[in-house]
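J.: Dumping what TrEMBL says about this protein:
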ACT_SITE  HIS272  active site, tele-AMP-histidine intermediate
BINDING   GLN56  ATP binding site
DOMAIN    1-290  domain 'RNA 3'-terminal phosphate cyclase'
DOMAIN    136-237  domain 'RNA 3'-terminal phosphate cyclase insert'
Amino acid sequence: RPQHLSGLEIIRDLCEGKLEGGEIGSTEITFTPGKIRGGTHIADTKTAGSVCLLMQVAMPCVLFAASPSELHLKGGTNAEMAPQIDYTVMVFKPIVEKFNFTFNCDIKKRGYYPQGGGEVVVQMSPVKELTPINLTERGTVTKIYGRAFVAGALPIKLAKDMSAAAVRCIRKEIRDLYINIQPVREPDDQAFGTGSGIIIVAETSTGCLLAGSSLGKRGKNSDKVGIEAAEILLRNLKHGGTVDDSLQDQLIIFMALAKGVSRVKSGPITLHTQTAIHFAEQLTKAKFTVTKSEEEDPSKDAYIIECQGMGMVNPNL
């Protein structure tokens, strides 16, 4: 599909590679990588294809490039079946930076289904190597915050309704914590098209971040959008892991590339994560093991994902 093709094309451009079979609907490609150059690159799905998925594809490459990179990623910033850009900035970024790198993500314009039209600029410098992470202590939830947004033709009342419904839902389970979900209207010059949604993040005493999010669509009651996000968050808090379902698979490639042993405590292993582990092991010398977490509390369904990383070293630095 368009976003997969755009992802392949940006990797081809990043490392002066050769790509055969790169067209929409193709079932087989041949890719031959060259040297990862860095520099400025543009990837445009020309649809509401997710800019966050383009970022996921490019990031491991630019970390091992010869020079800093600036990626202009165009498409959908808040799309179904993909992390929302708010999730990428609020949850993915602070956790993945524990592997010892930093990146800057500037949201120039938000874009929604079906047209897309969003743009995000990611700036990142290469590293010599990645350090492993140890995320096994959940701690206690210390705060819950988020944003409920509307853009385009939608009234701010919808954002307020989403926020209020989410707070009511969380309150049933967690009574004594201040919950701050800001209703916002995206400025017209910073959003293309019409869209709405919500993201709610729980932060813990050990610095873990877990989230629940949901998107509005035509005919979907705004209370329902808020409740859906709240329920996803509560479900992620129940299993006792340090990462939520959406972050679980996104960390696998970094664990595989890092030097040393990484350990992450998660909820039940998703199909995405199983797939990511399978391919990481096929393509690198990394070795993963997944074991049920030995909890005192049998009601918790937690697992430890452990990885002996391959210790990728940047040949350019």
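Note that the numbers count up from 1, one per residue, in the order the chain is shown.
Here the Cβ of each residue, glycine as well, is placed from N, Cα and C on the backbone.
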J.: Which of GLN56, HIS272 (the recorded positions) has the most other Cβ atoms within 10 Å?
T.: GLN56
J.: Between GLN56 (ATP binding site) and the residue listed as 'active site, tele-AMP-histidine intermediate', what is the CA-CA distance rounded to a whole number of Å?
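T.: That comes out at 13 Å between the alpha carbons.
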J.: Would you list the DSSP helix, strand and coil counts for the residues of the domain 'RNA 3'-terminal phosphate cyclase insert' (136-237)?
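T.: Result for the domain 'RNA 3'-terminal phosphate cyclase insert' (136-237), in helix, strand, coil order: 37 helix, 37 strand, 28 coil.
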